[in-house]
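*Asks:* First, the structure itself, so that you have it in front of you.
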Amino acid sequence: MISSNTLQSNTYLYTKLAAFYANCGRLGEARVIFDRIVLKNVFLWNSMIRGYACNGQCMKSIVLYREMMSFGQKPDNFTYPFVLKACGDLGVVEIGRRVHCEVVVCGFETDVYVGNCLLAMYSKFGEMDMVKMVFDRMPDRDLTSWNTMISGYVRNGEPKEAFLVFQMMGRTGLVADCATLLGLLSACVDMSSLKLGKAIHAYVVRNDLARVNGFLINSLIELYCSCNFMVAARQCFKEVTWKDTVSWNSLVSGYLKNADALESLRLFCQMVLEGVNLDQVTLVSVLGACYKITALQFSMSVHSYIIKQGFRSHSMVGTALIDSYSKCGDLACSRHVFDEMAEKTLVSWSAMVSGYGLHGMGREALSIFHDMMGIGITPDEGVLTSVLTACSHAGLVNEGKEIFHCMEKKYNVQPRLAHFSCLIDLLGRAGYLDEAYEFIKAMEIKPTSDMWASLLSACRLHKNVELAELAAQIVFEMNPKGVGSYVCLSNLYASENRWDDVEKVRALVRRKGLRKPPGFSFTELDKVVHRFLVGDKSHEQKDAIYDKLNELSQRLKEVGYKPDTSSVFYDVEEEVKEKMLWDHSERLAIAFALINTGPGAVIRITKNLRICADCHTVSKLISKLMCREIVMRDIRRFHHFKDGLCSCGDYW
């Protein structure tokens, strides 16, 4: 058109060309042409406003709308929907309300298209009362109106209201479409309602909707994962003819959420083999699975893949790497990734602070925290939680108390439940039980069951039976199904040889139908993760493992080791107690690693429960006897055993 001089003085063609570029998202070219046109009609203004609103340039959309008004051009029912969309996406409540007023003045409030966009805008603002008011005033409603109401309630955390709207919709005779079902499935996820989700799944199958809309099957996978129904999630996944990245990601993260990190890693390997396009969500989930089972070698392989595929510059992936390495026990790699990050977000700093805290390096965590503030980054709730936790693990009572008490004044952060919990844990671990108890009683907000459970755990550690009984009674009332607190009280009674009380607590657990999770440990060998249960006899190398344990037991006794049977909470003979200690899963994992790795190789173990006092002692002695470093992560923190010492300084 340029070369043939067709555009010369042809406003109609210019307008169509500008609209074409705007609709294709080429706003630069569209704006050049737009600015050349002297007589701009409503169609042209609308095309540009729509282009900006739909391509992430919402403020320019609103500014252009104001320019349109100032030039005396009257907006129509095709203008307002995209202006309202821009207001909603930006979250500019006051401007949105002003535009709503202009809609009413111009008489477009009765237009169903404009009305639907008003519903969407107010739901983005979180003002569901206004959404309901607009909805009730609409003379005509289409299926989009009802779907917007349903998705609005789900977006704003009111899933039950979404189902009430759906019931009302059914009475009007309208039939649900895929958008309706997607909204309802999201509501089911929020409510963890497996029954309702199954009913929707049945409707999808009866009407063969999964073939029409692939998003539905992905939402069903997510629903079943959130309800811990992995068999159904896997079946849905198998039935998908064309599996996209979201399908794979839903299943990978689903297994991770449901404590099956090994299956998450298997699926990731399958994704790579099948050439599926991986994204940031995939990599973050896989790195999360790696640290769940301390699969350091696998983390390193994923790190290599990240570099090759060009994800290195993504801050979200970089932060996940920091977290994975620190939780796999390799702080050096974690710090290396952190130092190499071109753009460190607040979450990245928090991950590094948390990593040092997890390894009991409280001083280093504080140093990173102060470095962060030194470059002008203001800490948020998450960073402060991480630094308080680090102080707790390292026994830095004064430092932790100082940070907590100046949170509001110095960092402009109102202390929340997580921060109160951290301070209670800090005081309890350090033995300030009365101070922790008084702090809980004086709190302005109601203490949670976790806070009382933290005090109970500290009472067990410092053998304060009276306060433990008081805390336990409160926890039992607040969280009757939390088996951990019953076990904690039972173990405290056992350590005091109060076997009648032990049996009472255990009988209570049996009556309530509760079960203590079995102790197990992971260790990785040549990128294969091996799991050991307490007293495990299922491993193919079981004979060699138990022979190694007998050898270690004999050699440790020769250097003066005496078993600490206070960790066995059963009223049996001492000899039986000693035998039970040597069946602990972490010892099986250590023996397996000693057999299968060469001299000097670091042994890395993950345990799902807290390491017992005797296993802690044995691990220290083995590290010296076998000249090996043992890095062990229990449910609370890391222990680095080397030359007969532990990094925790026996403070855990």
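Here the Cβ of each residue, glycine as well, is placed from N, Cα and C on the backbone.
Because the structure is a prediction, the values reported are computed rather than measured.
Heads up, here are the entries from TrEMBL:
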type	residues	note
REPEAT	41-75	repeat 'PPR'
REPEAT	142-176	repeat 'PPR'
REPEAT	244-278	repeat 'PPR'
REPEAT	345-379	repeat 'PPR'
DOMAIN	363-459	domain 'PROP1-like PPR'
DOMAIN	560-652	domain 'DYW'
*Asks:* Could you break down the residues of the domain 'DYW' (560-652) into DSSP helix, strand and coil, giving a count for each?
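*Replies:* Residue counts for the domain 'DYW' (560-652) by secondary structure: 36 helix, 16 strand, 41 coil.
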*Asks:* Looking only at the repeat 'PPR' (142-176), what is the mean pLDDT?
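*Replies:* It averages 92.
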*Asks:* Mind checking how the repeat 'PPR' (142-176) divides into helix, strand and coil residues in DSSP?
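*Replies:* Helix, strand and coil residues of the repeat 'PPR' (142-176) number 26 helix, 0 strand, 9 coil.
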*Asks:* Using DSSP, what's the helix, strand and coil tally for the repeat 'PPR' (41-75)?
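*Replies:* With helix first, then strand, then coil, the repeat 'PPR' (41-75) has 26 helix, 0 strand, 9 coil.
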*Asks:* Under DSSP, the domain 'PROP1-like PPR' (363-459) has how many residues in helix, strand and coil?
*Replies:* 74 helix, 0 strand, 23 coil
*Asks:* Using DSSP, what's the helix, strand and coil tally for the repeat 'PPR' (244-278)?
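*Replies:* Helix (H, G, I), strand (E, B), coil: 26 helix, 0 strand, 9 coil.
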